[in-house]
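Novice: The following feature annotations were taken from Swiss-Prot:
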type: BINDING; residues: G106, V107, V108, G109, D110, T130, S131, K143, K152; note: NAD(+) binding site
type: BINDING; residues: E185, H246, H263; note: Zn(2+) binding site
Amino acid sequence: MKVLRVNLDEKSYDIVIQKDLKDYFGEYIKTVFDGKKVAIITDDNLNDIYGEAIKKNIENEGFEVEVISVTPGEKSKSFSVLPGIYNKLLDFKLTRSDLIIALGGGVVGDLAGFVASTFLRGISFIQIPTSLLAQVDSSVGGKVAVDLERGKNLVGSFYHPELVLIDPNMLGTLPEKYFNDGLGEVIKYGCIKSKELFEKLEGFENKEDLKENIGEIIYECCNIKREVVENDEKDLGERMILNFGHTLGHAIEQIYNYETYSHGEAVAIGMNMISKIAEEKDLTKKGTAERIESLLKKYGLNTDVNIEDNGLAREAIKLDKKNLNGNLNVILLKDIGEGYIYNTTVEFFE
């Protein structure tokens, strides 16, 4: 078992990483929550696989448990889904002394966290991430949000969980497409902060070799994010480097209506494209983009896309949350493991 402590001024919490942790979720929940009711927010796929077993595991610790399930996919992370969830919480008579659990990938984590931050002006919640992307990235750091038609994560807040429980074995039920999706974020961490992690990923013979070491990979990624979040909780400085590849990635997701490319796939394309642009402008060491593209391809990730409507891309980029005071903060690399913030304008991409 590995435990990381996220130390923040107003709230600190543990990230627990252990194989077969799902058999002990109830016990761990009891260490941070002494209320009565627990509402689990999940999606239909995960509910079919884990819902009943995890519900019983938590009930065995004396809690009253209700499971609320939504349709899988990014389109559930929207305002139209919220009233149904809020009403089910009201029917369950959930109070501010109770608990919400986010059981799922990045979409469920963002959605359930947003619900927890807004229902009754705030209810405690726990993250139980089940996808690789959520385990290495979105479950840690307190960002919760829903999407608007005009862009991703445009309405949200910073709302940290009481606890993050990560069972790497739960990745065994993940479709290969979504394992690859998470690898996009894993590679991102190597790019921005850890040359050692990047070289470790280069050194694995294949994806199966990586999977055998997945617990350690998850720990390394969470530790990098922990350090960055502790230094810049509200995303006004260093934390922006976690968005390497995301400016173009979010634009790609939006242009393709969140259907063609998953988040990690879009970020992978964004990392490759931005690195090539930066090399052309002598802002990144020559050869860096080639290494990134090679590693992305090694793990089955797309590296390029044809954006026919540049106007759509431009508008999506303008809505990027790293834009401050009319300027666009783009995340670039000096070299592998050395991310930095580059202040520019949207014309950078033209």
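Glycine residues also receive a Cβ, built from the backbone N, Cα and C atoms like all the rest.
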Novice: Taking the center of the Cβ atoms of E185, H246, H263 at the recorded Zn(2+) site, which other residues in this chain have a Cβ no more than 8 Å from that point?
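Specialist: Filtered neighbour residues, in order: L133, D137, G184, K188, G245, G249, G264, A266, V267.
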Novice: Around the Cβ of H246 (Zn(2+) binding site), how many other Cβ atoms lie within 10 Å? Please give the count over every shown protein chain.
Specialist: 26
Novice: Where the record says G106, V107, V108, G109, D110, T130, S131, K143, K152 bind NAD(+), what is the longest distance in Å from one Cα to another among those residues?
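Specialist: Value for the max Cα separation, rounded to a whole number: 21 Å.
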Novice: Let me spell it out: for each of the binding-site residues (K152, H263), count the other Cβ atoms within 10 Å of that residue's Cβ, using every protein chain shown. Which one has the most?
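Specialist: Result for the most crowded candidate: H263.
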Novice: CB neighbours of E185 (Zn(2+) binding site) within 10 A?
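Specialist: So the number of other Cβ atoms within 10 Å of E185 (Zn(2+) binding site) is 26.
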Novice: Can you grab the distance from V108 (NAD(+) binding site) over to H263 (Zn(2+) binding site)? Cα atoms, rounded to a whole Å.
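Specialist: About 13 Å separates the two Cα atoms.
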Novice: Taking 10 A as the limit, how many CB atoms besides its own sit near the CB of V108 (NAD(+) binding site)?
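Specialist: Counting Cβ neighbours of V108 (NAD(+) binding site) within 10 Å gives 30.
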